[in-house]
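S.K.: Annotation source TrEMBL lists compositional bias 'Basic and acidic residues' at 675-694. Feature annotation from TrEMBL assigns compositional bias 'Acidic residues' to 695-713, 720-748. Among the features that TrEMBL reports, domain 'Lipase maturation factor 1/2 N-terminal' is placed at 123-284. Residues or ranges marked as domain 'Lipase maturation factor 1/2 C-terminal' by TrEMBL: 437-579. Under the heading region 'Disordered', TrEMBL lists 657-748. Marked as transmembrane segment by TrEMBL: 12-30, 76-95, 102-123, 129-146, 215-235, 265-287, 299-324, 358-378, 390-413.
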Amino acid sequence: MGYITLPRRLFLWCMALIYMVAFVSLYLQIPGLYGNDGLLPARWQLRYSGKALWEQLLSSPTLLWLAPRLGLDTQTAMELLCLLGAALSLAATVLESLRDSLVFLFLWIMYLSMYQVGQVFLYFQWDSLLLETGFLCVLIAPVTSLRGWRAGREHDPVTFWLVRWLLFRLMFASGVVKLTSRCPTWWGLTALTYHYETQCIPTPLAWFAHQLPVWWHKLSVVATFAIEIAAPFLFLSPLRRLRLGAFYMQVVLQVLIILSGNYNFFNLLTLTMCLSLLDDEHIYFWLRKKYTPNPNQGSLLWWAGFVVEIAVWALIGFGMVTWFDLQINWDKGTVSSRTVFTFHQFNQFLKTVTFPSVWLGVLSLTWELVSSMFRCACVEGFFKRFLGTVQWTVFGAAAVSMFAISLVPFTFIEYDSNASVWPGVRQGYDAVSRYQLVNSYGLFRRMTGVGGRPEVVIEGSMDKVTWTEIEFMYKPGNLSAPPSVITPHQPRLDWQMWFAALGTHTHSPWFTSLMYRLLQGKRDVIELIQSDVSQYPFHQQPPTYLRAHRYKYWFTKTLADGSYPQRWWRRVYIEEFYPTVYLGDTFLESMLSQHGLKDKSLPRRVSEAAVPQVVKWVRSQVRGVSAPLLLWSLLFCSVTLCLLRGLQLEITLKTKPTAAKAEPKPKPTATPHQPDAKEANSNDKDGLGQRQEEEREEVDAEEVDAEEDDAEEDERRGEDEESEREENDVRDEVEEEEDGEEEEGSVD
C-alpha cells in the first residue's frame, strides 16, 4: 500500500468532527434523560457503597465517580463532561496540533464515562462503534508533545490498518446476520419494500424510494449483499484498485442510507472508516494535484495484478448472478431475482470462510508489520532508526493485541469458529470488555413492521373526555407532517419510542417513567418531545390523565393519475398500549415500584461554586434551540475555519519561497563605524565580532531555509513521492509556528 499520510490526517479530522457532534447531541438531552427530574436519573447508577475510588473506577470506569469530590451533582458533571468534550473536539477540528493521541484519549475517556451510566438510551451499536474507533485514534494520532515521537511515524500503516480491520468486521457481520437471522424478508429479497417506511426516523426521500417498483427493491437487496458480504474481503487486498473499488461501493451504500434515513452520526462514522482504504495518491487525484505514477506501471507485475483484479470483479459478478438467479426481461425492462441457495448451504459457506478470513487478516497485518519494519531499518541516523524501531515495537504489539481480542466478537457470527478461539485470547477479551475496546456488530438483523409500522401515540386529557395527541418533534405521528431531516443528531427518546412500539410497555420500563414525568409536567422531559415548549399542547398546565395507544402506520401511495397525496402517512388503530393513568393511580405506582423507578434518595443540592454556575448558564443559553440547527451551525463554522486556515497555509507556502528568493544576500563590509568580521573577532572585546558572526549564521540559516522552501515548493508540485511526504511535514511546522505565535500573542 502507498503512503497514507493524507488519509490518516483526514481520518483524524473527521473523527474530531464526529466526536463534537456526539457530545453536543447528547448534551442537549442530558436533563430530560439523566437529570434529577429525567426519565432515568444517572445518579441511580452510581451507588456509593464505601469502596475505594480505584475499586469504583475498575467496576464501572467513569469519571462521574469524581463528581462528589469536586462538589458537583451527577447531572452537572455529565453536562460538564459533554461541554469539555465538545469544546476539545471542536478545537481539534480547527487546529491540527490538537489532533493528538492524548487529546483523543481524553475524548474517549469522556465518552466512555457517559456510556457507563447511559443505560438503554446509550446502548446503540454506533455508540459502541464510536468508542472502538475512538480508541484506535489514540494509537493512530501522533504524540505532538514528544517531538521525537512525532517525527518518526513509520508504524502509521500498522495502526491505521486496524481501522480497515474494524470496517471489515462491521460490514461483513452486518451482511451475514441478515441471512443467519432467517428473516424471511431478507431471504425473499423483499426487505427494502418495508424498510423505508418502517425504519426509525425516515427522511422525505424515503417516501419516494418506497414508491419504486418491487423488482428494483429486490435488486437493491442483492446489491446490498454484494457490498456487505463480498466487497469487505477486498479491504484486505494488497491490490490498490480493488481497495478503491470497495471504497466507492461502501460510499454509495452509506450515502443512500443517509439520504433515506436519519441514522445520526453512524453513517458518517462508517464513511470516515472507509478512508483507511485510500492512499496519498488517490487523495491527490481528488485534489487534482500531480503525483508521480507507479514506476512499476506497465511491468509484468503490474499486468499480473491487473489480470487478477479483472478476475476478482468477474468472480463477484458471476457469484451474484448465480446465487440470486439474476435475469433481465428486455421486454418489460426489469431484472428478476431470487435466492437460490438454502440456509444450510449459507451456513456451510460461513463455516468455510470465517477462519480463512481471520488468516487473511493475519497475512494483511503481517505484511504491514514487515513493511513498516523495513522502512524503520532504512531510516538514516542511528538515533532516528533506534527511535523508529522502538515505536514500531510498541505500536506493533498494540496492533497485534487489538487484532487478537477482536477475534472473539468477530467470530460470534459462527458458533464453531468462536469455540475454536484460543482461550488466552478469550481471557484477554473478557478483561477489557467493559472498556468497549472491541465489540460485535450486526445491523438490520431482522426487518420489523412487515404488517405495518407500529407506532405508540400518547394522549393527554384534563377531563378524561377530550383527548389531545402529544406529537413528537421527529418520530412519525401527525399524518400530514413530512418526515424530518435531523442527521447527524440522534433524538434518543424518539429512537426508544420506536423500539417500545415493537413490544409491550413492560419491555420498556422507562416508558412508565415518561408517563409519570409528563403528568408531573417536568420541563426537561417535555423538551425531549418539543424543544419549543410552546408547541407542547399542555405547556401551561400538565394533563390530569395520560394514556397510550398503538397504531400501525404506512406510507401513502401516489394517486392513480400520478399526482402526490396530501398526506404522507395513513394509519389504523390496533390496541391500547398503556392504560389511562393519573398521579396517585395505583397501577402507575405499582409499575414505578416494580421497575425501581421510585426516587428514594434526594438529589445533591446544586453548589454555588463557579463551575456549576457556569454550566447552568450555558444550559440556559441553549434552551429551546433546535438540536439539528445547532449541530449544522457548528459543522458549518468548523469546516469554514478549516478552509480558511488551509487557504492561509497555501498562501504561506507560496509566498515564503518567493520572499526568500527576492531578498538579496547581505555581504558583510567594513565601515569606519563597523570593522570587518575578522578584525571584530580578534580585537573587539565588547562582542561586536560575535554579533556579526551571529548575523552571518542567521544569513546562512536564511539561505538554508530558502533552499528548503524551494524544495518544498517542488515537492508540492509532485516531483516524486518522497517530496510529497515532506510537504506534509512542512505544513506541520508552519502550523506549529502559527500556533506558537498565537500563544505568544496571548501571553503578551
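Heads up, residue numbers simply count up from 1 along the chain you see.
Including glycine, each Cβ sits where the backbone N, Cα and C put it.
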S.K.: Take the domain 'Lipase maturation factor 1/2 C-terminal' (437-579) and count its residues per DSSP category (helix H/G/I, strand E/B, coil), listing them in that order.
M.R.: 33 helix, 35 strand, 75 coil
S.K.: Can you work out whether the transmembrane segment (390-413) touches the transmembrane segment (12-30), with the criterion being 3+ CB pairs under 8 Å where the paired residues are 6 or more apart along the chain?
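M.R.: These two segments do not touch.
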S.K.: Going along the chain, which residues at least six beyond the ends of the transmembrane segment (76-95) come within the CB cut-off of under 8 Å?
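M.R.: For the transmembrane segment (76-95), the list is 13, 16-17, 19-20, 23-24, 26-27, 30-31, 34, 42, 63-64, 66-67, 70, 103, 106-107, 110-111, 113-114, 117, 606-607, 611-612, 615-616, 618-619, 634, 638, 641-642, 645, 735, 739.
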S.K.: If I take every residue in the domain 'Lipase maturation factor 1/2 N-terminal' (123-284) and average their pLDDT values, what number comes out?
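M.R.: That region's mean pLDDT is 92.
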